[in-house]
Amino acid sequence: MSNILIRDLIKRHGALVTVDRVSLEIGQGEFIAFLGPSGCGKTTTLRMIAGLTPASAGSIHFGTREVTHLPPYLRDAGLVFQGYALFPHMSVAENVAFGLQMRKVDREEARRRVDEVLSLVKLAHLAGRLPKELSGGQQQRVALARAIVYKPEVLLLDEPLSALDAQLRTEVRTELKRLQSALGLTTIFVTHDQDEALSVADRIVVMSAGRVEQVGTPREIYQRPATRFVAEFIGRTNLFPGGLDGPGRFRSESGERFAFGNADAPSNASALAIRPEHVSLQRGAPAPGGACTLEATVEDVIYRGALTEVVVRTASGARLAAHLHNADSGRDDLRPGDPVVASWPADAPMLF
Amino acid sequence: MAGTRSPSPRSLSDGSFRPVMVGGCVAAFVMVLSPLVAIVWISFFENKIISFPPTGYTLDWYRAAAAMPQFRDGFVTSLKLGVVATLVSLIAGVPAALVLARGRFPGREAIQSLLLAPLIVPGIVAGAALYMFLIEVELASGVQVAMTFWGLALAHSLIALPWTVRLVTASLVGLDPQLKEAALTMGARPLTAFRLVTWPLIRPGVVAGALFAFIASFVDLEKSLFLVGPGVTTLPIVIVNYLEWSIDPTIAAVATVQIAVISAGLVLTDRYFKLARAF
């Protein structure tokens, strides 16, 4: 186990740049998620770390060892593929033993470690089965066992949960997180699912069009998105293009005026974003002195279990979504057409 | 399922078509198998002039065929040619199929077509062309190649090659390229990854390709016609030559041996690899 250092990593396909100067330092035992829409370069970056795709420029270090130009078999990474890629002609135990066999671990020791890792993923009773005799979730665990049994310097996971159904996915990701922290594995997890990334990762690397948009803890990524892309990609956001209209004031293109209290707002901000959960709605007149308000009309009320999403519309036609917790108060009193006042805390708006 | 029946026309699996299908299958099997059955049967007839019904049964014709040097030599030549052609087609065809299956690259289609071309060009045309080519080579080099074993071996390698390429390619189609990548990341060098992962998975296809290549070479008549010479004649050509002068159950005995060799090959092939997957 060691820290991973990626510096100015670039992948070009002819004139097309699919990974553009990605730099990142990953601490020992850290769980990192690469998050982004498909085609953002996250899988290509992972494959370059594994050595399956050659890097066009830049460098990759595992600890003090530079691996940029090493073939995959000399890198000592463990990779779990999206489709698992289990060897169909080998039993579960043989699949798991493969990496040990390649490392010339003696037979007794190998058997002991295979048993150990199989009980870790709760598959000891299926050691003799062929992959095709297992369910999807079991195959996923074999793939994981196979990648961690030889204690790789880094564990790489390429959308490992995407082939599982929703309930299993949540279960497996919890299990994965537990294993990862128990074993202290430095882990990179590629996903396009923000829930997955937010719930398992120590830090998230948000990628778009080959570039790193932001690196931060799940909380930082969600609460303080660095770019408009991150704000829109992670969670729901009400976004208003426009420009600053004096200190602490923003005017949207459609004419709404917003007050905000963030001191760190960029002076050339071109968009303002507010999370729906920061918006509250009151009937009647604006609260006195409440600068952070908008008068609007209820357009739609959508019941969503834990919360109710209310979409309101300002006089100029801009839409704003509010998420109201159903535990707080009954919000079923709002009806489309009702006049309301939307308000938010002064520090809620994010400017880009 | 009551009430969900679709109004579409009756499908072939519908019960009412069953007699037609069974009848068609039986007719096809009778057509294909009856000449084979007849030949095998006749090879045991006692009468020298083939007539029906036979006066009795005997194994003499097998003894007679075995005693005739042209049949013995033809059989051995065909076996040797089959083995050489199969080996050449494996050495050239397996790597070719591996590269072709790896993905798109310039010239891929052209190479694939070229490798499969011997299946499409009529055998007699290819045989004549090859004959002329070998004569030109002889004129240029002074070394005799036409009407020698190695001239024939070249022709038979061409007969065998498309089968190996086709069947090995078919076995690679279902092979996940990530299996090899998985092996590499776990520490296997490329040759080890091939030996432990790729090879065991394509082996049935290679075995099937080899057996099919052998059979294709063993039964070939047209491509060999121009290329055989004194002392190097293949069994199918010996049979044709013999038939020009006499018809007696000896020829049926020889043909039965030929059928036995081919059937054994086919049965063996099918055990390793469902032939239906290759087409």
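Note that the numbers count up from 1, one per residue, in the order the chain is shown.
Cβ coordinates come from backbone N, Cα and C, glycine included.
For B:20-44, B:81-101, B:113-135, B:147-175, B:196-219, B:225-243, B:250-269, the entry in TrEMBL reads transmembrane segment. The domain 'ABC transmembrane type-1' annotation in TrEMBL covers B:75-269.
The listed stretches are B:20-44, B:113-135, B:147-175, B:196-219, B:225-243; of these, B:196-219 has the most Cβ pairs under 8 Å to the transmembrane segment (B:250-269). Of the candidate ranges B:20-44, B:113-135, B:147-175, B:196-219, B:225-243, B:147-175 contributes the most Cβ pairs within a distance under 8 Å of the transmembrane segment (B:81-101).
Ranked by the number of CB pairs under 8 Å to the transmembrane segment (B:196-219), the listed stretches B:20-44, B:113-135, B:147-175, B:225-243 are led by B:147-175. Sequence-remote contacts of a segment are chain residues at least 6 beyond its ends whose Cβ falls under 8 Å from one of its Cβ atoms, and for the transmembrane segment (B:113-135) they are 93, 96, 100, 145-146, 151, 154-155, 158-159, 161-162, 165-166, 220-227. Residues 70-71, 73-75, 77-78, 81, 124, 127-128, 130-131, 134, 146-149, 151-152, 155, 218-219, 250-251, 254-255, 258 of the same chain, all 6+ positions outside the transmembrane segment (B:225-243), place their C-beta atoms under 8 angstroms from a C-beta of that stretch.
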